[in-house]
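Feature annotations, courtesy of Swiss-Prot:
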BINDING   14, 15, 16, 17, 18, 19, 20, 147, 170, 171, 172, 173, 186  NADP(+) binding site
SITE      114  site 'Important for catalytic activity'
SITE      116  site 'Important for catalytic activity'
ACT_SITE  143  active site, proton donor/acceptor
SITE      147  site 'Lowers pKa of active site Tyr'
BINDING   194, 208, 215, 277  substrate binding site
């Protein structure tokens with residue numbers, strides 16, 4: 001039994017980020033329903049680490065539903081350096097958002113977790129029941145524990161107040177409006193920026209690490225469509241993994257090759273094995289998603305990479321980098 005569809009005012013935190021922009025696009029392209037009012041906010045509208053600003057935002061908007069995307073995020077190397085900052089800022093943001101949603105009587109909150117929060121030592125594929133089964137990878141334990149606490153809070157809000165607060169766990173998201181910063185972004189947007197620079201300067205492409213780790217990549221526009229489905233139809237408090245199938249996992253080397261092909265790069269490609277690989281794999285099961293949506297069609301990886309590369313090239317000046 002899903003949400004009763006009727007008058008809904010949906011507040012999306014982190015609305016200017018990768019996933020927020022994708023949801024905006026999907027809604028604008030026809031996924032929004034009559035009676036739905038979508039309100040996208042970013043850090044310009046309120047500092048969500050500040051309880052008073054967060055409360056004021058929620059009092060003003062009076063959302064019936066919330067998609068909570070706002071977070072302090074960064075790539076592997078920034079996480080290693082600033083674990084305390086990632087823990088504190090995200091704990092503050094999440095507590096402020098969930099409690100403000102509760103105070104204004106929001107009927108549903110869908111927060112965003114990440115597969116990097118799962119235990120470092122685990123069996124594969126990982127699934128929704130394993131989140132708290134052991135410590136996360138040491139490289140980003142601050143971010144991971146802060147995100148795990150959303151699941152703890154969701155269960156507690158349900159137990160104590162009957163709230164339908166839930167969370168989704170996407171795998172590696174990429175697409176337009178990503179952070180393409182080479183030092184600080186995630187692997188695929190970093191590769192796209194690197195290939196762009198190598199191509200424009202006629203130099204070799206150096207990929208950090210061995211290229212062997214494997215990842216499941218999900219296109220932001222596919223994730224946006226799934227987020228909207230979760231908001232309307234998914235009524236469990238337990239989280240749900242949003243991902244392509246295990247069979248669609250690709251190596252970093254294959255991802256680099258897809259970017260090289262999409263951007264028509266003809267230079268030399270080398271792998272710098274002195275750089276850290278991070279986790280070798282974090283294969284996730286999308287069995288739960290498929291039990292609900294057996295026929296959902298994901299955008300083919302190469303097509304999604306091509307669309308993202310085209311967006312980055314066309315919007316190079318404005319892109320986050």
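Every residue, even glycine, has its Cβ placed from backbone N, Cα and C.
Shown on the structure are the features that Swiss-Prot records.
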residue: 14; record: NADP(+) binding site; contacts (Cβ under 8 Å, 6+ apart): 20, 42, 68, 69, 70, 71, 112
residue: 16; record: NADP(+) binding site; contacts (Cβ under 8 Å, 6+ apart): 40, 42, 43, 44, 177
residue: 18; record: NADP(+) binding site; contacts (Cβ under 8 Å, 6+ apart): 173, 174, 175, 176, 177, 178, 179, 220
residue: 143; record: active site, proton donor/acceptor; contacts (Cβ under 8 Å, 6+ apart): 72, 73, 79, 83, 86, 87, 90, 114, 116, 117
residue: 147; record: site 'Lowers pKa of active site Tyr'; contacts (Cβ under 8 Å, 6+ apart): 71, 90, 94, 113, 114, 117
residue: 186; record: NADP(+) binding site; contacts (Cβ under 8 Å, 6+ apart): 75, 172, 173, 174, 178, 179
residue: 194; record: substrate binding site; contacts (Cβ under 8 Å, 6+ apart): 182, 205, 206, 207
residue: 215; record: substrate binding site; contacts (Cβ under 8 Å, 6+ apart): 171, 172, 187, 249, 250, 251, 252, 255, 281, 282
residue: 277; record: substrate binding site; contacts (Cβ under 8 Å, 6+ apart): 209, 210, 212, 213, 252
DSSP state at residue 170 (NADP(+) binding site), helix/strand/coil: strand
Residue 170 (NADP(+) binding site) and residue 208 (substrate binding site), distance between Cα atoms, whole Å: 23
Per DSSP, three-state class assigned to residue 186 (NADP(+) binding site): coil
For substrate: widest Cα to Cα gap among 194, 208, 215, 277 in Å: 19
Collapsed DSSP category at residue 114 (site 'Important for catalytic activity'): coil
Neighbourhood of residue 170 (NADP(+) binding site), C-beta criterion under 8 angstroms, separation at least six: 19, 112, 114, 115, 218, 223, 241, 242, 243
